[in-house]
Amino acid sequence: MDHLPIFCQLRHRACLLVGGGDVAERKARLLLEAGAALTVNALAFAPQFKAWAKQGMLRLVQGEFNASLLDDCWLAIAATDDDAVNNQVSEAAEARRIFCNVVDAPKQASFIMPSIIDRSPLMVAISSGGTSPVLARLLREKLEALLPQHLGKVAGYAGQLRRRVKQTFTSMSERRRFWEKFFVNDRLAQSLANDDEQAVTRITETLLSEPLDDRGEVVLVGAGPGDPGLLTLKGLQQIQQADIVVYDRLVSDEIMNLVRRDADRVFVGKRAGYHCVPQEEINQILLREAQRGKRVVRLKGGDPFIFGRGGEELETLCDAGIPFSVVPGITAASGCSAYAGLPLTHRDYAQSVRLITGHLKNGGEFDWHNLAAEKQTLVFYMGLNQAAAIQEKLIEHGMDPQMPVALVENGTSVKQRVVAGVLTELGALAQRVESPSLIIVGRVVALRDKLNWFSSK
């Protein structure tokens, strides 16, 4: 380890920044956020420095660097475009045993500035030791996506509760269990983010007063249509907090690779070598694991409330008194149509869109007359086996036999394939694709060649 990570308390402590340009301005902003008593020395200053000085936030010393400016300083930063001046500052600081950072010259510096993720009071610092600042920045961007913006409020509120929690729960194990429930309580986190004091108080009192049983919870998460980049940030956060993930065939391998490595995985879909797990058995798996105290994520392709049976699963949990929450996902109709260059609505072609399941319960029948109307787009989920019947019924009820149609196979993934034609060909086209595929019927399909942007294998 070439550098020891430390966090400095600089509030009201004297610090010197040498430089008055854009780079120095960025360093000044960080020092001011940390509460430093900042002096800035330069031959000339960018306008922002003058504005800060006018507000009394820092002191400006215009002119050549003089080592006496380091007197009584705790920390210094050299951020000029003159290597000789930067070296002069570094040597003067070293002689006084003052830590000094030299921008873009880590070998001359006694400390380096990391990339920072600020969720005050929670702080995350990332450094490559000065060898690759771009890599550190890219890692910071990835972590920024994982850490919710409201995390700082949660951490700050936890600090306020520490004494009361210690008084309420006498044993270390009880306090640990309380904090585990506290930090994964999504309702509390959202209430803190919204500054909803009444809700925060109500949830806190419930957490403090209810028995510390081993009851877990279930989070229903929509994984989106396939491309892992379309998984929502909240969905990603939830699957990385899960003790167990119950998933089906429509969840891509790329998304499953994002699951916490030590989490249990239970596959409940249907594919080669596996039998489809009945819905009632899935419901019982969720219930059983939550009753064991697990944080369960039920991960479904697309959006769990659009032909995903999410409501059925939650009813079982609700009846059993198991806490649950829902993270919506991008449904297949939205994701697959976008990646296939097919706008679902368009002023000239479609003023509405209908999402339709290819499976009706107990032999039910669609309202084919209204489905055959113009100026709309039809999207059939799970409709491959019914494609010939869909073709026949739509034509029978008056739809133009030359209505454009498209089938999107493995939409949004690198395996995406789009097969297009007209309504009279729908049954035959369905024989050329495999599940999972989406059927799209409407005039908007004619725009595909013009609007297609996604390159796939």
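Here the Cβ of each residue, glycine as well, is placed from N, Cα and C on the backbone.
Among the features that Swiss-Prot reports, active site, proton acceptor is placed at Asp248. Per Swiss-Prot, active site, proton donor is recorded for Lys270. The NAD(+) binding site annotation in Swiss-Prot covers Asp22, Val23, Leu43, Ala44. Among the features that Swiss-Prot reports, S-adenosyl-L-methionine binding site is placed at Pro225, Gly301, Gly302, Asp303, Ile306, Thr331, Ala332, Met382, Gly411, with the record citing sequence analysis. If you look up Swiss-Prot, you'll see 1-204 marked as region 'Precorrin-2 dehydrogenase /sirohydrochlorin ferrochelatase', on the strength of sequence analysis. Marked as region 'Uroporphyrinogen-III C-methyltransferase' by Swiss-Prot: 216-457.
Recorded features from Swiss-Prot, shown on the structure.
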residue : record                               : contacts (Cβ under 8 Å, 6+ apart)
Asp22   : NAD(+) binding site                  : Ala46
Val23   : NAD(+) binding site                  : Ala79, Val103
Leu43   : NAD(+) binding site                  : Gly20, Gln62, Gly63, Glu64
Ala44   : NAD(+) binding site                  : Gly20, Gln62
Pro225  : S-adenosyl-L-methionine binding site : Gly301, Gly302, Ile330, Thr331, Ala332, Ser334, Gly335, Cys336, Tyr339, Gly411, Thr412
Asp248  : active site, proton acceptor         : Phe267, Val268, Gly269, Leu299, Lys300, Gly301
Ile306  : S-adenosyl-L-methionine binding site : Thr331, Ala333, Leu355, Tyr381
> Where does Ala332 (S-adenosyl-L-methionine binding site) sit in the DSSP three-state scheme?
Replying inline: helix
>> Check the DSSP secondary structure of Ala44 (NAD(+) binding site), expressed as helix, strand or coil.
In response: coil
> Rounded to a whole angstrom, what is the largest C-alpha distance between any two of the residues Pro225, Gly301, Gly302, Asp303, Ile306, Thr331, Ala332, Met382, Gly411 that the record assigns to S-adenosyl-L-methionine?
Replying inline: 16
> If H, G and I count as helix, E and B as strand, and all else as coil, what does DSSP give for Gly302 (S-adenosyl-L-methionine binding site)?
Replying inline: strand
> Looking only at DSSP and grouping its letters into three states, which state does Pro225 (S-adenosyl-L-methionine binding site) belong to?
Replying inline: coil
> If you take the centroid of the Cβ atoms of Pro225, Gly301, Gly302, Asp303, Ile306, Thr331, Ala332, Met382, Gly411, the listed S-adenosyl-L-methionine site, which other residues of that chain have their Cβ within 8 Å of it?
Replying inline: Gly224, Leu250, Phe307, Gly308, Gly329, Ile330, Ala333, Gly335, Cys336, Tyr381, Leu438
